[in-house]
Amino acid sequence: MTQSMSCVLILATLLAFAPLCLCSKTSGGYLYPQFYDRSCPKAKEIVYSIVAKAVAKEARMAASLIRLHFHDCFVKGCDASILLDSSGSIISEKRSNPNRNSARGFEVIDEIKSALEKECPHTVSCADVLALAARDSTLLSGGPSWEVPLGRRDSKGASLSGSNNNIPAPNNTFQTILTKFKLQGLNIVDLVALSGSHTIGNARCTSFRQRLYNQSGNGQPDFTLDQSYAYQLRGSCPRSGGDQNLFVLDFVTPTKFDNSYFKNLLASKGLLSSDQVLVTKNAVSLELVKQYAQNNQLFFEQFAKSMLKMANISPLTGSKGEIRKNCRRINTY
């Protein structure tokens, strides 16, 4: 009896002092934050410094880099397929409806990759660069930080159809958006938390015009949108023309990562239909919006958890895929 009790005490002590494992198992191997500690110890520092320079030059870039990671992970997993240009049999995802004339930040990723190739050639994947850049962009905008599990590899192909079909659109219904999240292994909590990234960044007039003039095809505006706010928006988003005119997603603190986005939704001042439906179409999402509007720290904690979860969507690991030398094209040997 004494011997068995001693074993229990020893086991309990070992568990108490065991480090928290931020590794995540995938079909081909593990992702873990220390993946490059020996092969490229300055990798995280290089990514952060270049992202910081880009965000200091243009605050909007932070939102653009977060969005690149999101649009990458929702198509074939987090494998940097979004970065590939069209060549040979590859049709670039940059041509898809969600990305055309919209996805940006590619030159920042190129600069990061170039610096990494000089420091440690053929070592750090473009997919990991996207994951790190998204985290750093959040932090640099005043948002939360988290340790990013690393070890993803890069795809050797792209999916234009996947990009067109899998990425939620601004005019999708709530149920369609939730279904697209569930297909990636994400739930309604992840949907609401990750939508909070719209606390920074811009949207084009073409992304919400229907709310101002013809929401349901009957020539009437969207009455779930505050009408004084709608009046202001019409000034720079006419019925026709001005498709590329930009509007801040969060008019209160447009470049600060905080919970103002959720407060705006409760005031019927979400810019995109896909934002406002979180309040108007589902009781669970409405309650989450209320919680995040009241508690910034709660939002930050869940955003970090949901970003980690999203970053673990079907990564290529082990011998799958490759480590691209140039993020815009597959390797040729």
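Heads up, the Cβ atoms here are built off N, Cα and C, so glycines get one too.
Listed features, source TrEMBL:
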type	residues	note
DOMAIN	30-331	domain 'Plant heme peroxidase family profile'
SITE	R67	site 'Transition state stabilizer'
ACT_SITE	H71	active site, proton acceptor
BINDING	P168	substrate binding site
BINDING	H198	heme b binding site
BINDING	T199, D250, T253, D258	Ca(2+) 2 binding site
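The Cβ of T199 (Ca(2+) 2 binding site) lies under 8 Å from the Cβ of G143, L249, D250, T253, K256, F257, D258, N259, S260, Y261, each of these being in the same chain and 6 or more residues away along the sequence. A straight line from the CA of R67 (site 'Transition state stabilizer') to the CA of the residue listed as 'heme b binding site' spans 10 Å. In this structure, the C-alpha atom of the residue listed as 'heme b binding site' lies 14 angstrom from that of the residue listed as 'substrate binding site'.
Under a cutoff of 8 A between CB atoms, and with a sequence separation of 6+ in the same chain, the neighbours of P168 (substrate binding site) are F74, T176, I177, K180, F181, S274.
For the Ca(2+) 2 site, the Cβ centre of T199, D250, T253, D258 serves as reference, and the other residues of the chain with Cβ at most 8 Å from it are I200, V252, P254, K256, F257, N259, S260, Y261. Taking the domain 'Plant heme peroxidase family profile' (30-331) as a whole, pLDDT averages 96 in the prediction. In this structure, the binding-site residues under consideration are D250, D258, and the one with the smallest number of other Cβ atoms within 10 Å of its Cβ is D258. The Cβ of the residue listed as 'active site, proton acceptor' lies under 8 Å from the Cβ of I82, E93, P98, N99, A103, S163, I167, each of these being in the same chain and 6 or more residues away along the sequence. Within 10 Å of the C-beta of T253 (Ca(2+) 2 binding site) we count 18 further C-beta atoms, all protein chains included. A simple way to gauge crowding: the CB of R67 (site 'Transition state stabilizer') has 23 other CB atoms within 10 angstroms, across all the protein chains here.
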